[in-house]
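Chemist: Got a structure for you, written out below as structure tokens; questions coming shortly.
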Amino acid sequence: MTSTPFYITTAIAYPNGDPHIGHAYEHIATDVMARFKRLDGYDVRFMTGTDEHGQKMQTTAEKLGMTAKELADKNAARFRAMDDALDISYDRYIRTTDEDHYAASQAIWKRMEANGDIYLDKYAGWYSVRDEAYYAEDETEVRDGQRFAISTGTEVTWTEEESYFFRLSKYQDRLLALYEQEGFLFPESRRNEIASFVRGGLNDLSISRTTFDWGVPVPGNEKHVMYVWVDALTNYITGLGFPDTDSELFQKYWPVDVHMIGKDISRFHAIYWPAFLWSAGLELPQRIFAHGFLLVDGEKMSKSVGNVVDPEDLVSSFGLDPLRFFLLREVSFGQDGSYSAEGIKNRINSDLANDLGNLAQRSLSMIAKNCGGVVPEHGEFTAEDQKMLDDAAALLEPVRVDFDQQAFHKALERIWHVIADCNRYFTAQEPWKLKKTDEERMKTVLFVTAETIRQVALLVQPVMPSSMGKMLDLLAVADDDRQFSSMDKTLTPGTELPQPTPVFPRYEEPKTDS
Ligand code: ME8
């Protein structure tokens with residue numbers, strides 16, 4: 001049986017500075033989705049990378065006394081190192097300075113041009129280098145003699161230049177019809193916001209620059225480089241072999257299943273990108289999910305406030321899997337959320353160490369001590385046993401629905417309900433007392449508990465791959481029995497188990513010498 005393809009991408013980050021926890025958040029969420037689909041039997045392609053052109057890169061590099069390419073090389077390596085430290089299971093790490101990306105960007109330009117959608121004119125307007133975007137006069141405001149974009153608060157400067165334009169206005173009605181379709185842009189609040197922006201009227205879009213040269217040259221007029229968003233968005237198809245639309249990758253994976261992005265770049269993905277694709281005669285993404293922003297202790301991260309959090313520091317302080325779990329459990333995906341050290345410590349000690357870690361350690365230690373270190377034989381199941389087993393086995397269906405809606409927090413909440421039930425079951429059954437009174441019953445209770453842990457560990461693998469790998473090792477679950485298709489099997493009595501060791505130790509404050 002051939003498996004269904006599933007293509008998922010992150011936004012590609014600007015490597016003009018260091019990666020921060022907002023980038024980590026997006027990449028972890030996308031990775032969790034990719035891993036879930038792989039475990040559910042899909043043929044997954046997952047791409048992430050860096051967006052290396054544009055004025056912002058050039059200006060930052062000049063300030064640092066280096067070339068834009070040198071800056072891109074240095075920082076792209078840092079972004080990739082972050083992904084590796086976060087165990088991000090990407091299939092390709094794309095850089096927009098990759099050779100195949102120039103060819104793809106020029107090819108999509110030529111397709112749009114051949115379709116009559118590109119013309120040369122003059123542009124004058126307020127440009128934000130930070131956002132790499134033009135704003136209309138009424139989208140800006142003056143504060144202390146300086147003009148800013150209202151929506152993002154970034155500084156804008158008056159810019160006049162000869163520019164190529166894309167006939168975006170032509171696509172207005174088609175875009176509005178697109179937003180009527182269920183599921184194209186999530187969450188609902190973003191869909192309403194974008195639809196109302198488009199209803200307000202679309203101008204044609206300036207898509208080339210002549211005031212700097214750090215970009216993909218416009219085919220046929222090398223005085224111009226492409227507007228960075230034209231080449232940036234194209235990365236999603238470069239990674240599938242475009243312009244060779246007959247290639248195996250393109251045929252298999254386009255159109256993309258999910259573009260995962262942050263809410264601040266919805267406009268580029270939900271307005272420009274569909275219009276470019278229509279113009280180029282290509283299919284549209286199935287879904288764009290715009291997640292919320294991660295704040296730090298409730299505040300916006302900023303270099304001047306000095307609260308920019310380095311994800312690799314968090315990994316060393318708290319461990320990778322607890323960080324991944326915290327980010328997805330704590331924040332309702334799609335809403336803004338807040339990172340705090342207290343928040344993550346609480347999750348480690350309650351959800352991980354207490355609820356799941358302790359349950360596994362207590363039950364597996366009893367098995368090691370009282371059942372000869374093998375999966376125990378079970379007797380007939382009581383109504384309580386059967387309910388526990390059924391509740392655990394019934395998780396896959398609703399969790400799958402949660403994942404298909406990118407409602408990661410809901411899936412985890414649902415799973416942790418079953419863990420709480422299992423803790424109550426274990427306490428109520430008192431297997432430690434049964435040891436003396438009814439050994440067979442004790443074995444049954446331990447079997448039911450271990451089996452529930454197996455179900456839970458299988459489902460939590462996408463979020464905490466290495467800890468759940470360890471937990472499944474403790475249950476001696478074979479590597480090829482770790483797909484979701486194995487959920488309807490059970491542990492085999494008599495299977496030898498390794499000596500149990502705790503998977504989630506409690507968080508202890510590091511000792512200081514003073
Ligand atoms: O926008 N919380 O790059 P970028 C959550 N190059 N997500 C955040 C965040 C925060 N505090 N800060 C940023 C770009 N992000 C473009 C994308 S795609 C063809 C081009 C998210 O480095 C942001 O929303 O500014 C975006 O999805 C991603 O990080 C990269 O942001």
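First residue shown is number 1, and so on along the chain.
Backbone N, Cα and C atoms are what each Cβ position is placed from, and that goes for glycine too.
Pulled the feature table from TrEMBL, pasting it below:
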DOMAIN    7-141  domain 'Methionyl/Leucyl tRNA synthetase'
DOMAIN    152-363  domain 'Methionyl/Leucyl tRNA synthetase'
DOMAIN    375-508  domain 'Methionyl-tRNA synthetase anticodon-binding'
REGION    485-514  region 'Disordered'
MOTIF     13-23  motif ''HIGH' region'
MOTIF     300-304  motif ''KMSKS' region'
Chemist: If you average pLDDT over the motif ''HIGH' region' (13-23), what do you get?
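Modeler: Here the mean pLDDT over the motif ''HIGH' region' (13-23) amounts to 95.
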Chemist: What are the DSSP helix/strand/coil residue counts across the motif ''HIGH' region' (13-23)?
Modeler: 3 helix, 1 strand, 7 coil
Chemist: Taking helix as H, G and I and strand as E and B in DSSP, count the residues of the region 'Disordered' (485-514) in helix, strand and coil.
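Modeler: With helix first, then strand, then coil, the region 'Disordered' (485-514) has 2 helix, 1 strand, 27 coil.
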